[in-house]
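Structure record follows, encoded as structure tokens.
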Amino acid sequence: MKPENKIPVLTRLSDKMKAVVNFQQPGLPPWPADGDIETQRQYYLLERRFWNADAPSMTTRTCAVPTPYGDVTTRLYSPQPTSQATLYYLHGGGFILGNLDTHDRIMRLLARYTGCTVIGIDYSLSPQARYPQAIEETVAVCSYFSQHADEYSLNVEKIGFAGDSAGAMLALASALWLRDKHIRCGNVIAILLWYGLYGLQDSVSRRLFGGAWDGLTREDLDMYEKAYLRNDEDRESPWYCLFNNDLTRDVPPCFIASAEFDPLIDDSRLLHQTLQAHQQPCEYKMYPGTLHAFLHYSRMMTIADDALQDGARFFMARMKTPR
């Protein structure tokens with residue numbers, strides 16, 4: 001689709017979202033478009049420091065967890081001494097960027113709003129690690145904490161997964177992997193999904209939205225996919241194209257959040273409609289006037305904080321509901 005035919009979303013954003021788009025961090029250099037992946041990762045970490053400031057303080061603990069691929073770093077956020085559940089968080093970044101520090105504020109707020117221990121998983125990034133390594137690392141982390149719950153003062157009878165963007169795909173894929181492989185790490189009471197991609201190769205929203213402002217042009221999405229997958233056949237895998245998995249049974253309750261002007265919004269809509277059609281518990285909410293990745297900007301956008309609180313409320317309600 002010619003770029004000229006796309007919807008001019010920058011003129012339709014909320015005032016708060018426009019303020020974020022136009023915000024210039026003092027001393028921040030331009031995005032290193034021609035830099036190697038490691039340079040881009042360091043820039044992303046630097047750029048996110050401002051957005052992660054002034055986060056709630058709480059007890060944190062870093063733990064290296066053994067997996068079949070080597071140790072994976074995790075960070076435990078404990079807002080109180082005891083927790084009614086454990087929530088595993090997978091960060092976004094197109095499978096190629098991000099770490100526990102780039103999403104620190106999101107995880108701290110989620111821990112505060114749920115009152116539960118949140119465990120961030122610093123899964124291996126692509127292209128150095130290819131599908132399904134990040135999922136298998138996540139499953140290994142869940143298994144480890146299930147077996148060492150007392151050591152870390154965790155309640156793993158009730159667990160959940162959460163993630164944003166690529167992390168949302170990993171969150172849902174990991175939960176389905178546990179179900180499909182009959183791996184028991186606790187009762188998955190909910191999955192919290194913010195503006196994820198779930199396997200669509202094309203859609204109306206991918207044609208109408210996406211540009212330099214969000215890093216989600218058609219070329220960008222193809223690049224992320226090629227970095228993550230081993231080969232073309234992986235595109236149809238039921239843990240990458242999640243619409244090729246069985247979504248008619250035993251899907252944990254899903255909170256599905258989307259951004260109004262996100263090229264990936266149709267992934268969220270289709271996921272919600274599919275689950276709803278098969279009586280799988282789910283809730284869908286679209287946040288008006290927003291772009292992809294708006295969850296990061298809670299320092300300037302109350303709607304980002306609202307989206308986190310909405311997911312937290314969904315999770316807490318499922319803590320009280322026996323499954």
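Heads up, residue numbers simply count up from 1 along the chain you see.
Just so you know, glycine gets a Cβ as well, placed from its N, Cα and C.
Listed in Swiss-Prot for this protein:
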ACT_SITE  S165  active site
ACT_SITE  D262  active site
ACT_SITE  H292  active site
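Locations of recorded Swiss-Prot features on the structure.
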| residue | record | Cβ neighbours (10 Å) |
| --- | --- | --- |
| S165 | active site | 27 |
| D262 | active site | 28 |
| H292 | active site | 24 |
In whole Å, how far does the CA atom of D262 (active site) lie from that of S165 (active site)? 10
Expressed to the nearest Å, what is the distance separating S165 (active site) and H292 (active site) at their Cα atoms? 8
